[in-house]
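Scroll down for the structure; my scribbles are underneath it.
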Amino acid sequence: MATLEESFPRGGTRKIHKPEKAFQQSVEQDNLFDISTEEGSTKRKKSQKVPAKTKKLKMEKRESSKSAREKFEILSVESLCEGMRILGCVKEVNELELVISLPNGLQGFVQVTEICDAYTKKLNEQVTQEQPLKDLFHLPELFSPGMLVRCVVSSLGVTERGKKSVKLSLNPKNVNRVLSAEALKPGMLLTGTVSSLEDHGYLVDIGVDGTRAFLPLLKAQENIRQKNKGAKLKVGQYLNCIIEEVKGNGGVVHLSIGHSEVSAAIATEEQSWTLNNLLPGLVVKAQVQKVTPFGLMLNFLTFFTGVVDFMHLDPKKAGTYFSNQAVKACILCVHPRTRVVRLSLRPIFLQPGRPLSRLSCQHLGAVLNDVPVHGFFKKAGAIFRLKDGVLAYARLSHLSDSKNVFSPEAFKPGNTHKCRIIDYSQMDELALLSLRTSIIEAQYLRYHDIKPGAVVKGTVLTIKPYGMLVKVGEQMRGLVPPMHLADILMKNPEKKYHIGDEVKCRVVKVAVLNSEPSKERMLLSFKLLRDPEPKKEPAGHNQKKGKAINVGQLVDVKVLEKTKDGLEVAVLPHNTCAFLPTSHLSDHVTNGPLLHHWLQAGDTLHRVLCLSQSEGHILLCRKPALVSAVEGGQDPKNFSEIHPGMLLVGFVKSIKDYGVFIQFPSGLSGLAPKAIMSDKFVTSTSDHFVEGQTVVAKVTNVDEEKQRMLLSLRLSDCGLGDLATTSLLLLSQCLEELQGVRSLMSNRDSVLIQTLAEMTPGMFLDLVVQEVLEDGSVVFSGGPVPNLVLRASRYHRGGQEVESGQKKKVVILNVDLLKLEVHVSLHQDLVNRKAKKLRKGSEHQAIVQHLEKSFAIASLVATGHLVAFSLTSHLNDTFRFDSEKLQVGQGVSLTLKTTEPGVTGLLLAVEGPAAKRTMRPTRKDSETVDEDEEVDPALTVGTIKKHTLSIGDMVTGTVKSIKPTHVVVTLKDGIIGCIHASHILDDVPEGTSPTTKLKVGKTVTARVIGGRDMKTFKFLPISHPRFVRTVPELSVRPSELEDGHTALNTDSVSPMEKIKQYQAGQTVTCFLKKYNVVKKWLEVEIAPDIRGRIPLLLTSLSFKVLKHPDKKFRVGQALRATVVGPDSSKAFLRLSLIGPHKLEEGEVAMGRVVKVTPNEGLTVSFPFGKIGTVSLFHVSDSYSEMPLEDFVPQKVVRCYILSAEDNVLTLSLRSSRTNPETKSKVEDPEINSIQDIKEGQLLRGYVRSIQPHGVFFGLGPSVVGLARYPYVSQHSPSKKALYNKHLPEGKLLTARVLRLNHQKNLVELSFLPGDTGEPDVLSASLEVPCSEQEERKTEAEEKDQKGEKKNQKRNKKNQKRLEEVELPSKEKQQPQKPQAQKRGRQEHQEPGSEQERVSKKPKKAGPSEEDDSLLDVYYREGEEEGEETNMLSKEKRTKPAEAPRLQLSSGFAWNVGLDSLTPALPPLAESSDSEEDEKPHQATKKKSKKERELEKQKAEKELSRIEEALMDPGRQPESADDFDRLVLSSPNSSILWLQYMAFHLQATEIEKARAVAERALKTISFREEQEKLNVWVALLNLENMYGSQESLTKVFERAVQYNEPLKVFLHLADIYAKSEKFQEAGELYNRMLKRFRQEKAVWIKYGAFLLRRSQAGASHCVLQRALECLPSKEHVDVIAKFAQLEFQLGDPERAKAIFENTLTTYPKRTDVWSVYIDMTIKHGSQKDVRDIFERVIHLSLAPKKMKFFFKRYLDYEKQHGTEKDVQAVKAKALEYVEAKSSVED
């Protein structure tokens, strides 16, 4: 019956094996976990009596606290057992075994025979055959570090030294033994290994009896392409597979290994998992049952319970877990006996198939002091918290030197210990520590640490026939082979060496054979102890060269050096140099510079992506979005994989006017045209995106042939799902990165920086008001540390009256981590925060309190809590119109996403719809008063009244009020008008106020010249519908009342357009509106609609005026100013009252000190952002002890510009320069080069540094002298430290020049009183009697110096210290640069070589040449800043390749901005309406004859001015009209037509470019054939790049009709070849060979084309065909030409053979001989060249030709040979002449 039931189960249930059933029962009994909610237990409890129940509950309560910790005990070796399935990570891959990192810091080993049966079988075959098999791959080819693998514990052993060892197996038969064929279900995630390759796929060993698993080729394609780089899967390769289909009750299963399917796989109830067959690595949906300090209890798959220890909580969510929370978890291991299931919540484990990224620890081997205990587990070990907040773990065995000494009391939380980082656990992302004294004090930790050549101490362990074993350190042994025991072979070594003896050995070789310490060996030697240099053998672990890094690979990097544009890093573990640009540090544009600022040399960055690699230059990227895209396989490698509609993540490579180029991680790039860049209107592409910005792009068009694609960046096309989710994700990422920056700051030594790192928004502080600034903001003092800048803006004063010294309670809004400032608020709502429970997902009204670029901080109206919300909802969402921008104080609607402030101190939220925003009634805080339009209240009265006035009308009104820059007039019907100061007088005398000419109540007659809109303050054209509601702008100028009128230029809406008519250098009359105290500039008005600014420093060269500008300048006063240029950001003119502000050499200007650098000089800023530097030697004409004492930041100084090369200003403050007319006495002359110094001269200067060979003494900005110690002082102290004490850097001294060496740029000086007449620089008390012994000492010191020089080769620190002496002041502050390393060798070159040196790639510093090289004085004219800008300019020039454009030979400037061009014609001021209105006025008033004559002359002058402008040859065309004029003047110039075409192409107007080409072909004269051909070629180019094949064919056919066909064919072939259309080029050449078979040029061109394509065989066939088709007279030339091509592009040996054949047939063809000689000189050896010359000079040719060859031979030997060779040639020539003359006789 039983068998019957098994075969035909009732009710459709599955058949169940008996063993499994029995197992289920045992599980129910064991796996209680003292959780009283399980069904089984409740049923049993119901049947029990009540007293028993209460008793049990009491017992449970008592035991629960005791057992809670035990339940969450972390794994130890003791808790493992054979048969236990566990998830591990490959740590190391060796030839014969894998090292596996297991959870909780454990480690195991997998032997090569435990991979799978198929692999073991192959190994046995190889051993039997005794030769390697082709299809058997080594373990390093099958496994890589970081791979997650499912293992089973096969055995637990103890090594010979008593260390416990865990042996594991990966064999699917062992891992999946618990599964039966019937238990397999679709969707299950299993692991297997490839067992064989079949025709249509792979057989995979999944280790289930009675099941054949098959992986179809189609399902394996994605994995092969992405992970295997196109290679087929190999036998033994480890796979994560999804069961797709189950056939025959589990007899056959079909698998899939697709990345997306595997990573999304989740174990479900439908798959019928049981506790018996539950496998590690499965991802399950779970629910938090219980939260304890030691971890979590989870409920999963309905019936099962598991534990998560604290190591495997999600680090970002630790502390936020709550009961019944839904989470995703990964099963780590299942104990076969206790049935305890351990899980992990770490995100990295929740995507199966994804390798672990972080594989190493930054400070491995570092010894740490005072590390606090975080937690202790009595069976496993202790957890410690490191300095940066990261946790680390020490196993129980490593907590003390022995079990007897161990005391658990010492490991209470908070106790501190000294420990050493000994390893890193990849599975837990924790460093492993040891507290053992022997390990902390050990010189070496691992065999890897010991380098060949090192001398080590050890203890003799034993002496064997094969050598002596020596114990070198904990767990490390070395072998001394018999031949290395002594210099001679010892017969009885045991007589000399005894067990336990301490010996000293030198390491010869370190060979890591295996990862088990017992199998590692080290070869030692005693013989080499006497050798001065270690003898290095090539074999050894450390001799491996750095491996190549592939594009798309994720690596860990270590920061080497910071540059202006990014970080120079070393890729670990091989220390390959690479570059990480600032823009690639983060997805957030603002976070890149922040990370760049705080990262420092030595910091390690993980999961960094290799973007590109060319010529050894590796470019890296750390953008999380790009890294995730590459990991997720969403990164197509070539154009064939890209299809329209795909969404790809990339970054902005370059920005052009016509669009943006986007590059993707694989190196592919595409164009996002301006039209589909944004859903908003795009005026300028650079407003929307910045270079390096991360974007999501949608592919709209792909051209696989041309390797191009078009992309859309519109948000409507590139949506990534729910905007709120994306917004929250971006915010979380941004704040997470800021936390990373804080942790970097907390590692700095500065207390100020550490304090700033700990400050978070929402913290309260009690501060003291230090100062209330003029702009209304408040600066506080009394922070936690001195010098901390805390400020509250005017808005954040909260309307309170504050005074200096007041105490105030403030709340922190934000910490500026770059400027190191803290923004605080005094608002009472924020300071008195309400404690109110908040609900997640609830909607709140909030007020914006602080704005950053990517997020805003607001406060909830109801409670005062601070909330952060993202200002962007997408990576592409970067542009906002002014009307869309948020302002401080504005109301917003927010939906809360978190209810507890995390480490950031802020709640997280997303903003509701923009319609719910409310405006703040008060003035914008973000803008200062001066930038708001200040409207006269008088003007706002009556503006609602309509008027019927039009431009040009004469009106009468009464003056209502007079303001400094305008007069308000009341017209009839109560309409208000305005007269600007510029429209009162025709000629305004400087210094007067025109508005004072009018008096209140006076009647005036005026003309209407415009209308101002009171909402936008802009002047509207009369055609505008709102013109009737404007304030009329009037003019009372006599000239405008009489001679017609001028209307305001109202056609251009943009204020920038209005100010474009003003040119730099032009003089204008302006009227002072006010002096802005905060911004320190004069605000002026030139016209009603044109405003300007005059920076205070450009108002006068007098200090008196600058100190009290209000006394000199009155409001309303007329000023004559010079235009400097338009303001780049706003519609303001930049003006100057002291002439054009060009800052050129020789000019005197006023500047402000921004930085004072001790012993270096000053940094001075000028208006409009220019910066200059003042050397210490140019501060004054007379040097002083404290030259920079009087200078403080913001002090105004008068500067003379010494040089302005490369945009770097070098300045002087010497009064002899700034005020030469005063003729003040120059006590210390300027010394700019060694030429300014004379021997015997007395000079003053400043001490630079003390060196072993003397004192370096600064004489000028770039001139340093050396005073050797005998010339420093009469007293010579024995301690050099006394020199440092008495001659500090920057000390002022007088010196006499002893010697000058102009060749070496050496200045030798003396400080002795006898030379200078000054007291001795050292006091007499330091004197020590000089004796022979002292002399010997100095000799010894000199020798020491020489020794030091030798050490320089090894010791970089010494090198840096010595070389710093040579650097000018600026260089000292910066870290050592490559050019500094090279300077030791190149210093004595000419000054010009300085820049050449910078441009070269840095080389490693070699040994210094001579002993004197570092004792000389180096004079350098080029300042380093100059060099830096040179480097920058060079970098800017070499920009990445852009879209191809037409190549033009002339220098036509494409990059001239429209704003910078001067309009050729005056702007038309009136609209058509105003012209019609003008006619009746003109008719009413006739002009006199004189007036008409004047007008005619004026018009003629204007015309001639315009003509001159147009005739100017230097003027660049800037519009289609300009080009039309040019081509009219030179219709036959093809270059002009081509420029015209390129102009249209630049704007991507292809059709217009075609039309220009057609016009050109019609216009150019038929005689100008070459000019016409040029245009045809350009048109062919255009169609090839931007047209279709059809359009190109049509143009080509027409070109052939109108030109010489052969020329057109050849040009098109070249075009095809250059654009890499090789197939079309080949077809075209075949057509040409048929049509022009008699033309040798065609054959030669085709031959060259084939050789360039590396088709040498085809080229030889072409030569044969050419000789058959061409007439015989052409043969020699063609053969010679093909031979030349072979030399240049093909095989030189074949070329020689062709030449030799030809010359055998035609020995007297001197032209062929000449070509052969040329080619051999270029490509052959000197012997070959001489052989040919010897043959030629022995030919019987005409004397004239022989003379030619002898002369060539002689020239060659003069250039390449010796004097002897030259004489030999002359002798042969003489011999030939004599032989010739004797024959003639």
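Quick reminder: no glycine exception, Cβ is built from N, Cα and C everywhere.
Automatic, uncurated: that is what TrEMBL annotation is.
Given the structure is predicted, the values throughout are model-derived calculations rather than measurements.
Under the heading compositional bias 'Basic residues', TrEMBL lists 43-59.
Among the features that TrEMBL reports, compositional bias 'Basic and acidic residues' is placed at 1333-1350 (among others).
The annotation compositional bias 'Basic and acidic residues' is assigned in TrEMBL to 1360-1374 (among others).
According to TrEMBL, the feature compositional bias 'Basic and acidic residues' maps to 1384-1399 (among others).
TrEMBL lists 1433-1442 (among others) with the feature compositional bias 'Basic and acidic residues'.
Per TrEMBL, compositional bias 'Basic and acidic residues' is recorded for 1490-1501 (among others). DSSP assignment over the compositional bias 'Basic and acidic residues' (1490-1501) gives 12 helix, 0 strand, 0 coil.
According to TrEMBL, the domain 'S1 motif' annotation covers 83-171 (among others).
The feature domain 'S1 motif' is assigned by TrEMBL to 187-258 (among others). In the domain 'S1 motif' (187-258), the DSSP tally of helix, strand and coil residues is 13 helix, 34 strand, 25 coil.
The feature domain 'S1 motif' is assigned by TrEMBL to 281-346 (among others).
The helix, strand and coil residue counts that DSSP assigns across the domain 'S1 motif' (365-436) are 7 helix, 36 strand, 29 coil. If you look up TrEMBL, you'll see 365-436 (among others) marked as domain 'S1 motif'.
TrEMBL lists 453-527 (among others) with the feature domain 'S1 motif'.
According to TrEMBL, the feature domain 'S1 motif' maps to 552-623 (among others).
DSSP labels the residues of the domain 'S1 motif' (645-714) in these numbers: 7 helix, 35 strand, 28 coil. Annotation source TrEMBL lists domain 'S1 motif' at 645-714 (among others).
Sequence annotations record features per position, and here TrEMBL assigns domain 'S1 motif' to 952-1025 (among others).
Mean per-residue pLDDT, taken over the domain 'S1 motif' (1065-1138), amounts to 83. Look at TrEMBL and you will find 1065-1138 (among others) tagged as domain 'S1 motif'.
For 1146-1214 (among others), the entry in TrEMBL reads domain 'S1 motif'.
Two recorded stretches are said to be in contact when at least 3 C-beta pairs lie under 8 angstroms, sequence spacing 6 or more; the domain 'S1 motif' (83-171) and the domain 'S1 motif' (1240-1312) fall short of this definition.
Secondary structure of the domain 'S1 motif' (1065-1138) per DSSP (helix as H, G, I; strand as E, B; remaining residues coil): 12 helix, 37 strand, 25 coil. The stretch from 281-346, 365-436, 952-1025, 1146-1214 that makes the most Cβ contacts under 8 Å with the domain 'S1 motif' (1240-1312) is 1146-1214.
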